[in-house]
Every structure is written in C-alpha cells, then in structure tokens.
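Colleague: Quick paste of what TrEMBL says about this protein:
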- 6-25: transmembrane segment (TRANSMEM)
- 37-56: transmembrane segment (TRANSMEM)
- 68-87: transmembrane segment (TRANSMEM)
- 99-118: transmembrane segment (TRANSMEM)
- 130-152: transmembrane segment (TRANSMEM)
- 173-195: transmembrane segment (TRANSMEM)
- 201-219: transmembrane segment (TRANSMEM)
- 231-253: transmembrane segment (TRANSMEM)
- 259-278: transmembrane segment (TRANSMEM)
- 290-314: transmembrane segment (TRANSMEM)
Amino acid sequence: MNAFLHQLALGAPLFALILTGYLLMRVGRWPTAMSQHLTRFVFSVGLPAMLFRMMSDLSHLPPVDSRLLIAFFGACLGIFALGRLLSSRLFGLDGIGQTVFGIGCIFSNNVMLGLPLAKAYLGDQAIPSVALVLVFNALILWTLISVSVEWYRHGHLSLKGLRDTLKGVLRNPIILSILAGTAFGLSGAALPEVIDSPLHMLGQTGMPLALVALGMSLAEYDLRDQWRVSAIIAVLKLVILPLAILGLARLIGLPRMETMVIVLLGSIGLGANVFLMARQFKAVEGGIAGALIVSTVCSAVTTPLLLAITAHGFGIAGR
C-alpha cells in the first residue's frame, strides 16, 4: 500500500502541470498559437539541451550488464512493429500515423517517472542500469522515429532517398543534440561550467514545459473521439511491452537487477515526448494525448504488479 501511495505521489506533479496547461487554455483563454509556439520551443530547444547534456556524460556511466539493451530494445522494436501493424489494420493510419502509434506503444516517461520509481522500488544500485537505458533510449528510439517518418515520406530504395532520409534525420534538433552530445562524451572532456550551467537550466525546462504543452493541447480535443486508439496503445505499453521485455531478459539469462530495471522502465506510463512528436507531425494527437493520461494513471497499479511477477520469477518475494 505504501508503494502504491508513493507512486501516486510521484505522478501528482505530472497531473498538476498538465492541468495548468489545460486551465490556461480553457479558463485563461490563451490563444491556440501559444500552445503551438510552446511545443516548438520544447521540441527545438528544451529537449535538445537536456539530451545533449545527458549524452555528454556517456563515457562516465558505470559498468552494467550491457545485455539489458538487447532485452529492452529487442522487445521495443518488436512491439513497435506490432503497433504499426495494428494501427494500419484497425485504424487505417498512414506511415507517419503508424510510426507515431508504434512509438507510443514503447516510449516510456523514463526521466520523470523511471528514475524516481527505480530508486524507490530497487534502491540506488538500480541507477546505473537506468542511466544506460536512458542514453540509448534517446539514441535508438528517436533515430527510429525520424528514419521511419523520413523513409515513409520518400518511399523508395534509391540513393537520393537514402540521402534525403539522412539529411532529414541530421536536421532534426533532437537527433543533432544526441549525436553531438555522444561525440563530446566520448572525448572524455567535461563541459565548461559556462556551457554546462545554461544547458542544465534549459534542459530542466524541457519536460515540465512539455507537460504544460500537453495540457494546453488537451483543451483542443475531445478525447472520446480516439478512445479506442488510446486504449490499445495503453494495453500494448503497460502489459505487452513489459512482458516481452521480461521474456527476452529471462531467455538470455539477464541478472535480477538489470531485469527488474528494464521491466520497470517498460511498464511505466507513456512519455510526453511522444505527444510532442504527434503534434510535430500532426498525427494521432488525440489518441496519444489520451494514452499518455490513461497509461500514467493505470501504471500506478500495473508497474508494482509486474515488478512482483518479475521478482517472483527469481524466487524472491518483494524487494
């Protein structure tokens, strides 16, 4: 019961920020353009600053069993493909819509919920594994998003198509920040304080403002119009993905701690980043907005349950 209440408390700031954005639009009567401009700032400045700073610490991450990446991202890629297939068959979405739907089934709120929940449930020893997933989560999943969308737009296997795809990826501020941060991190150098401090301050605005932008945009939609989309994304995200992660982790013999960490990260609510992407590409916005709220609320129950199942599989009751 204490763990359940603790998780509810961790989710409260999310809902407070979302509600703030919603009230600004509904009660404050802010113009729609404010929501659009805020989304653009978050996508082009706030999140890139956070990701560059995160990736610049790549060489300083403590060692963990790197096979956790195989289990976590192997399951993510499989569920991404399943999500694309279901979105095409059930809802007739185009390539961009399929990408947004698929990424909604696998992209967790790892920064705002993953880190505190991992520390609460598994202790400080879980943090190195979480950090490794966070770094590669940004690199692999954001690259997957951009490549998938650009590939759909060009639609053919030609040198020009490949070149245009690469150019489109490299123009994405999210991808640019990841690649630049990785290159800097591998150099072993430390960011000068005069650069690190502003990046830190800008990066801190990314996720909170993303949630405010979400709330502002929620005021524009009747979420009931896409409730089926939201429900299917939530089921794939909260149930199918973590079970797939658990299955792969046990198959390759991953240790208990790494397994618990990636199951936890796979089981938590959808990240607000996906809504920003949906807004950017103007695809499945209402469905993603609903899935973000539904998955965040429901994960308060599903995450502890899945952790208990995982621990039981290792013959351990509780922590």
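Cβ coordinates come from backbone N, Cα and C, glycine included.
Note: TrEMBL annotation is automatic and uncurated.
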Colleague: State, in range form, which of 37-56, 99-118, 130-152, 259-278 has the highest count of Cβ pairs under 8 Å to the transmembrane segment (173-195).
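Modeller: Comparing 37-56, 99-118, 130-152, 259-278 against the transmembrane segment (173-195), the winner is 37-56.
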Colleague: Which sequence-distant residues neighbour the transmembrane segment (290-314)? Criterion: at least 6 residues beyond either end, Cβ under 8 Å.
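Modeller: Same-chain contacts beyond the ends: 3-4, 7-8, 11, 14-15, 18, 104, 109, 113, 117, 121, 214, 223, 226-227, 229-231, 233-234, 237-239, 242-243, 246, 250, 256, 259-260, 263-264, 267-272, 274-275.
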Colleague: Can the transmembrane segment (68-87) be said to touch the transmembrane segment (130-152) if we require at least 3 CB pairs below 8 Å and skip pairs under 6 apart in sequence?
Modeller: yes
Colleague: Looking only at residues six or more beyond either end of the transmembrane segment (37-56), which have a C-beta under 8 A from one in the stretch?
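Modeller: For the transmembrane segment (37-56), the far contacts come to 111, 134-135, 138-139, 173-174, 176-178, 180-182, 184-185, 191, 196, 199-200, 202-207, 209-210, 212-213, 216-217, 273, 276, 279-280.
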Colleague: Report, as numbers and ranges, which residues of the same chain sit near the transmembrane segment (201-219): CB under 8 Å and 6 or more residues beyond its ends.
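Modeller: Contacts of the transmembrane segment (201-219) (Cβ under 8 Å, skipping residues fewer than 6 from its ends): 14, 17-26, 30, 34-35, 38-39, 41-42, 45-47, 49-54, 111-112, 272-273, 275-276, 279, 285, 289, 292.
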Colleague: Can you tell me which parts of the same chain pack against the transmembrane segment (231-253), counting only residues 6+ beyond its ends and a CB-CB cutoff under 8 A?
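Modeller: Beyond its ends, the transmembrane segment (231-253) has Cβ neighbours at 67-68, 70-72, 74-76, 78-79, 82-83, 86, 90, 101, 104-106, 108, 259, 262-263, 266-267, 269-270, 287-288, 291, 294-295, 298-299, 302, 306, 309-310, 313.
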